[in-house]
Amino acid sequence: MFFDILIYIYLTIIFFILLMFKYKYMLVMLILIEFLVINVSFIMYLVYMYLSLEVYLVYYLVFSVCEAVLGLGLLVIIVRFYGMEMYFSFNMSKF
């Protein structure tokens, strides 16, 4: 249990370090969102294992995978449309 808490603290620290640096690239923002999903899924894992509700964790993981696929699809479309992933240099209202 202590090792799990250390992993959670480590992921949270990485999340905030990445948040401070290189926030202008869309891929880094997608990675930050995935770190947030990992942190929330870890908390849900601890709570659901305590309550014996593991089935709901599978539902959450399915939706988080769908969210990741949609984010990567959006990234591919933006890179093919604009030729770069730096989202501060183009207007999102055109897209």
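Keep in mind that glycine also has a Cβ here, set from the backbone N, Cα and C atoms.
Model, not experiment: these values are computed from the prediction.
Under the heading transmembrane segment, TrEMBL lists 6-23 (among others).
Feature annotation from TrEMBL assigns transmembrane segment to 30-51 (among others). With a threshold of 8 Å between CB atoms, the same-chain residues lying at least 6 positions outside the transmembrane segment (30-51) that come near it are 4, 7-8, 11-12, 14-15, 18-19, 57, 60-61, 64, 67-68, 71-72, 75.
Annotation comment: TrEMBL describes 57-82 (among others) as transmembrane segment.
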Inset, instruction - Take the transmembrane segment (57-82) and find every residue of the same chain, 6 or more past its ends, with a Cβ under 8 Å from one of its Cβ atoms. - result: 26-27, 30, 33-34, 37, 40-41, 44-45, 48, 90, 95
